[in-house]
Amino acid sequence: MSRYVFTSESVTEGHPDKICDQVSDAVLDALLAQDPASRVACETVVNTGLCIITGEVTTTARVDFNTLVRGVIADIGYSSAKAGGFDANSCAVLVALDQQSPDIAQGVDEADDHAGDPLDKVGAGDQGIMFGYACDETPELMPLPISLAHRLARRLAEVRHNGTLGYLLPDGKTQVSVVYEDDQPVAIDTILISTQHIAEIDGISDEKGLRERISADLWTHVVEPATADLSLKPSKDTTKYLVNPTGKFVVGGPQGDAGLTGRKIIVDTYGGYARHGGGAFSGKDPTKVDRSAAYAARFVAKALVAAGLARKAEVQLSYAIGVAKPVSILVESFGTSSHSNDELTELVNANFDLRPGAIIENFKLRNLPQQRGGNFYREVAAYGHFGRSDLNLPWEDVSVIAAKLKG
């Protein structure tokens with residue numbers, strides 16, 4: 001019997017890097033809502049009292065970026081002096097956006113291999129490799145460690161926003177270690193939560209007292225509710241439980257650490273449980289295959305698992321800039337399928353159109369911000385892009401294709 005512990009982490013919406021992801025995707029949403037053909041590559045930097053948005057944009061949309069950025073920061077919770085020193089009302093906002101390079105645009109506008117089919121005219125926005133993954137460890141077909149870490153992070157933000165734990169501040173991280181036996185999760189080994197908080201809670205200001213108070217509150221209001229519906233639950237007797245191990249966490253957010261778009265790519269995907277091609281998602285329009293093809297790869301992998309063709313599936317896609325058809329498609333089932341990897345790959349080639357134009361069209365990736373009131377990509381910029389049962393994401397809905405594959 002093999003036995004090991006696997007660990008994944010998540011971060012809250014107030015983490016400096018996640019602020020940047022949300023700002024970049026809010027910019028993307030705003031531009032696509034007005035002009036669905038917008039080309040966007042928006043990067044964000046935050047530091048003490050400063051937010052910079054930069055990158056390349058080609059669009060007919062007109063957006064007040066200053067107001068947009070401040071609104072995102074305020075919604076996260078950085079909107080007063082008590083929010084840890086970073087304030088949407090007083091921070092400097094610098095905008096440095098340029099146009100997309102015409103050399104890149106020409107390959108995306110008219111693919112090198114098009115031959116009559118309109119979907120062949122959309123070339124990949126860059127070269128690269130993308131991975132998608134699914135497994136049967138959770139109802140949403142995600143690995144359990146990252147699923148639990150996201151649950152805790154979302155709940156941490158929820159009890160802050162609704163006032164249940166009003167002393168919490170926006171910055172925070174979660175980490176979950178799961179025990180596996182023969183590749184099946186059997187126990188929760190460790191839960192770690194680091195959360196920013198005010199300096200004094202109900203008269204308690206010493207480090208030991210703060211940790212004890214926060215630890216007890218988080219178990220009651222975060223850990224237990226976040227795991228209540230799971231068959232595998234943490235136990236006070238057997239699960240190691242760590243809260244703010246350094247003692248206190250008062251200075252946080254951009255006041256404590258600089259943040260950048262695209263620095264939480266493992267949090268965004270599978271928590272390290274599957275491979276990653278290296279490309280970030282946020283701030284990129286759908287012609288960037290770093291984003292759209294990663295969504296498609298997840299769709300394929302999830303469909304294979306949902307159809308019962310494998311218990312685990314990892315899909316690798318690769319693209320060349322300006323070329324519509326994938327350079328390669330590979331499926332790995334890790335010995336959990338009655339079919340060979342070659343057979344599964346052939347099945348994918350026969351049933352999925354993985355050209356960028358087809359991915360964009362099938363998932364309506366250019367139109368979703370407009371259809372959802374100007375707020376779509378920002379929703380997935382925190383707490384993961386996959387396995388989101390709280391959001392209606394087209395790449396997560398595999399019911400139709402899974403039924404077809406079963407037949």
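Using N, Cα and C of the backbone, Cβ positions are placed for all residues, glycine too.
Given the structure is predicted, the values throughout are model-derived calculations rather than measurements.
As stated in Swiss-Prot, the feature region 'Flexible loop' covers range 100-110 out of the listed 100-110, 111-121, 166-176, 232-242. Listed in sequence order, the binding-site residues near GLU43 (K(+) binding site) (C-alpha within 10 Å of its C-alpha) are GLU56, LYS284, out of GLU56, GLY172, LYS248, ASP257, LYS284.
Summarising the environment of GLU56 (L-methionine binding site), the number of other Cβ atoms within 10 Å of its Cβ, over all protein chains shown, is 16. In terms of C-alpha distance, the listed binding-site residues GLU56, ASP257, LYS264, LYS284, LYS288 place LYS264 closest to ASP17 (Mg(2+) binding site). According to DSSP, HIS15 (ATP binding site) sits in a coil region rather than a helix or strand. The Cβ of LYS248 has fewer other Cβ atoms within 10 Å than any other of the binding-site residues HIS15, LYS248, LYS288. Within the same chain, residues at least six positions away from GLY172 (ATP binding site) with a Cβ under 8 Å of its Cβ are VAL11, THR12, GLY14, HIS15, ALA153, LEU156, ALA157, ILE193, SER194, THR195, GLN196, GLY252.
GLU56 (L-methionine binding site) sits 10 Å from LYS284 (ATP binding site), taking the C-alpha atoms as the reference points.
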